[in-house]
Amino acid sequence: MVSDTATEQGDRPPEQSEVPHTPGETGLWVFLLGDMVVFVVMFVAFLSERAVDADLFTSSRESVSLVIALTNTMVLLVSSLAVVIALNAVRAGRFSPAVRAFGVALLCAVAFIGFKATEYTHLVSDGHGPDSNAYFMWLFILTGVHLAHVVLGLGVLTALVLRARRRVPATGTGRIVYEGGACYWHLVDLLWMMLFPLVYLVA
């Protein structure tokens with residue numbers, strides 16, 4: 001009996017330990033890291049300009065309202081949380097909650113674009129266009145490049161909503177698309193979290 005039991009136990013295949021999984025693919029991470037490097041270079045250039053004329057940057061910053069920038073910060077935080085919820089729902093095969101969560105993130109992206117357009121309109125109407133001085137030039141450059149990322153992210157989130165509505169599972173290529181889209185949107189959020197204090201507070 002003992003030998004039979006031992007034999008049965010010996011015939012059982014060893015349990016496979018889960019291999020740690022990093023969302024996205026190598027190519028995606030190369031793109032994301034490269035994108036971050038570009039922003040870091042622009043941040044350094046911004047700080048270098050500020051060092052040349054700190055008084056100008058300080059006085060210019062004081063003429064910019066923080067209300068819209070703070071609102072957009074909260075909007076992006078909510079959108080990132082929604083993407084996390086949506087991705088977990090898709091992985092669990094719960095597509096209805098995933099569609100709703102991706103939809104919330106999509107609405108947040110639209111709101112961000114709307115608020116940013118309002119901010120630009122107010123700045124230009126007050127005579128603070130990109131050609132007014134170095135601070136506003138960099139404000140428009142940095143936030144404009146980031147806004148382009150948000151617009152691209154709007155398309156990414158739309159694609160994720162449509163895939164979730166079609167109940168495309170998070171396996172194989174589907175997993176790569178879901179996770180890649182989520183990683184890109186988190187990058188958009190992360191870049192703003194670096195840009196916001198640098199341009200709207202530190203300056």
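Cβ atoms here come from the backbone N, Cα and C positions, even for glycine.
TrEMBL does not curate its annotations; it predicts them automatically.
Here TrEMBL flags 1-203 as domain 'Heme-copper oxidase subunit III family profile'.
As annotated by TrEMBL, region 'Disordered' applies to 1-22.
Taken from TrEMBL, the feature transmembrane segment covers 28-47 (among others).
The transmembrane segment annotation in TrEMBL covers 67-90 (among others). Only residues 6 or more beyond the boundaries of the transmembrane segment (67-90), in the same chain, are considered here, and those with a CB under 8 A from a CB of the stretch are 97-102, 104-105, 108-109, 111-112, 115-116, 118-119, 157, 160, 164, 169-170, 178-179, 182, 185-186, 188-189, 192-193, 196, 200.
Marked as transmembrane segment by TrEMBL: 97-115 (among others).
Sequence-distant contacts of the transmembrane segment (135-162), counting only residues of its own chain at least 6 positions beyond either end whose CB sits under 8 Å from a CB of the stretch, comprise 35, 39, 42-43, 45-46, 49-50, 56-57, 60-61, 64, 83, 86, 99, 102-103, 105-106, 109-110, 112-113, 116, 120, 123, 128-129, 177-178, 181-182, 184-185, 187-188, 191-192, 195, 198-199, 203. If you look up TrEMBL, you'll see 135-162 (among others) marked as transmembrane segment.
If you look up TrEMBL, you'll see 183-202 (among others) marked as transmembrane segment.
Below 8 angstroms of C-beta separation, residues 68, 71-72, 75-76, 78-80, 82-83, 85-87, 89-90, 147, 150-151, 153-154, 157-158, 160-161, 164-165, 185 of the same chain, each at least six residues beyond the ends of the transmembrane segment (97-115), sit close to that stretch. The domain 'Heme-copper oxidase subunit III family profile' (1-203) scores a mean pLDDT of 88 in the predicted structure. Here the transmembrane segment (183-202) has Cβ contacts under 8 Å with residues 23-24, 28-29, 32, 35-36, 39, 43, 46-47, 61, 64, 66, 69, 72-73, 76-77, 79-80, 83, 105, 138-139, 142-143, 146, 149-150, 152-153, 156-157 of the same chain, all six or more residues outside its ends.
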